[in-house]
Structure formats: structure tokens, C-alpha cells
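Visitor: Handing you a structure now.
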């Protein structure tokens, strides 16, 4: 098994929610000597390696000695969230003797893939701190026991056996027991998390697949896991930042929540998160707003998100002249109507980075007769004015509860992003 693929499996297994992704990345950054800063406090005026966390988003950077106040940024951006089934605020139901938890889809979840799976619960609780008046703290939740399951209708009862139509309001609720009254999921979660249910003020809870991530295939060259979209890019960007070496440019890792639902939030790619952090980096180094503004057009951002490999059962769904393979290198994504932010200049820059890393680069275009998804790329580029290129690793079954990629792509994806941080591009 490739070492990087095994490490990615551990990363994904430890990160069932966006909050856990940030906690996992933060832990590895701290182990590497990074220091966490607060957005509401003054930042150090000396070089160093730092990061901030805003709920389910994280930004990290490495400012070495001698980096000029107007030196450009090299940014790898990715997203921490994945499509899933999320717990409603009043989830407890009793239906025909079944204790039911009401769920609803988050993002473009491929609903059929969540049926008949053993599911855990993860996320966070906002709780009243003991002995601290009205202060609120967050507690991460991770229950890996198989407490929930969304059962499929038996084929004998289906009106149409040739197709499957799921109503997101009625057909994706989970059973978790039987009885003569509804259970209390909140009481269960609070007890498992070690807090008093009376101290729980609010919840952000979601479900996750319990089958561990694993390398599969006769030649052990495929990786099966939940949340490949987009924890693979979070992992690869983190590894690239940790391996980055001092350079004239300042490397930044930006991991955003809420990409799967449009990025319009206090911590999404449409927010002020990245632009505020970048400007504060300049100000803390003794520069001014003019120095910050001078940096932006000379900077470069990689929007790192997963890409569609050509599906062997549905090759007709892909652009015939742009067939994408797994274990064949990262994927450059281009769209003439700017569903991706790539242009000729940014594509050339990433090509140079891949050449310096000795990594093959594939090129993807979407079929013109099918709607195309998007990424944080166009949003972050418009918000900051930084030239942007959209890239990713190839995978199958995007937005399913469980996805598939090439095990050898993990290392080359990280290597390409590491080269991007240090290559002379502009």
C-alpha cells in the first residue's frame, strides 16, 4: 500500500465532519511547529508559521525570514465539507413502532448511496460552559457506533421496480430502534459526548459512513473511502504546505466550509475569510494596504477539488477527447463559461509546477450538453482578484456516500501542489 494513501485513510477516518477536518489539520500543524492565532487578537509582527480556525474553515501560512511585504502569495484552496445527511433540529419521530431520526440532504448528496448503510453521528455541540456564566464553548461529536440506518423499501412494495425515486423529505429518515415512544437523539449524543443535555444550547449534527477507508483492488492500487471530495485536496494541500521550503513567495493553505451549498457564509469562499487573513499577514509584517494590493495580481491560487475520472460503465457521459484516468496524475479543469477559474496563463503556471515535480498533468473538459458543477475557484478569484487555476485528483462516484480514486494519485497530487508552492512561475 502506498504510504501516502495509508496516511490519507487515517486522515479521512479521523475527520467525519468539517469541524473534524479542521481539528485534524490543526493537530498536524501544531505537531509541525505551527502556532494557532485568534482572529480577535493582534497577530505577531515577526515571521513564523501560523494558522487560524473559523468553525469548519482553516487558513494556514508560513512566513519565512526576509519575505518582503509585497511578496506574492501562493495559495492552495480546498473545501472541508462533503454531501451527506444532516440531522434536523427536532429529529425525534415515532412511526409504526419505529424510533426514527429525521434527516435532510446537505449539498448534492447522491441519496441512493446512503440507503442500507450503518451510520454514525458527528459534528459539534454548542454548550454552556460550567461555572463561566453565559460563555459558550463547542464540543466535537463523533459517535462511530452503528446507531442509524436508512432502510430501503423492499422491491416487492415498489410501484416502479425499474427506477428509484427518493423524496428527500420522506425517504431518507433513519431508524435507530423500536418502542412505544420516540427516543431523544440529543440526550443520547450529549451522554456519549460527556455533557449535560441541559447545557446543550445548539447542535450541528450529521451522519457519516462507518466503513473505514481502505486500499482495494487486486493490485492494491485503488482507494475506497467516504468524503474523497474534498478531503483528498485538504490532505494534499496540508502535506504540500508542511513540505514547503523558504521561497520568495508566501505559501498559504485555505480550507473553506460550505462549498457544497454555495459558499455563501461567514466561512465560505464567498466570505471575507481569505482576503482578511491575507491583508492581516501583510499588516503584521509591517506593510500597508498598498503592499497588500500590490501582492494580489502577482499571486496565484490553486482551487484544489476533485475531478471526474472516465466511468467504465458510462463512457458516453464524458467528453470523448478528454478521457481521464486514475493513477495518471492530477487533472487540470477548464470550462469556457467559467464554471472553473482556469485561464491560459494560470494553466501554464500549473503545467510548469507539474513539470518541475516530474508529474504528468491531465486535462479535463465537461461535455457541452451536460450541466457542469463548479468549485471555490471562480468565487475566491472574484473575491480576491487573484489569478486562479482549478485542479484536482481523478475519482469515480463523486457525491456518493463512498467514492473511489487511484491510490497512487495521492502522492503525485501532493507533489504537484508542493512544487506549486516553490516553483518560479511568474
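A Cβ is built for glycine as well, from the same backbone N, Cα and C atoms used for every other residue.
The Zn(2+) binding site annotation in Swiss-Prot covers 79, 156, 399.
In terms of burial and nearby residues, how do these features look in this structure?
Guide: Note on residue 399 (Zn(2+) binding site): other Cβ atoms within 10 Å of its Cβ, all shown chains, come to 18. The DSSP secondary structure for residue 399 (Zn(2+) binding site) is coil.
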Visitor: Can you tell me the three-state DSSP label for residue 79 (Zn(2+) binding site)?
Guide: strand
Visitor: Would you identify which of the binding-site residues 79, 156 has the most other C-beta atoms lying within 10 angstroms of its C-beta?
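Guide: Within the set of binding-site residues, the most crowded position is 79.
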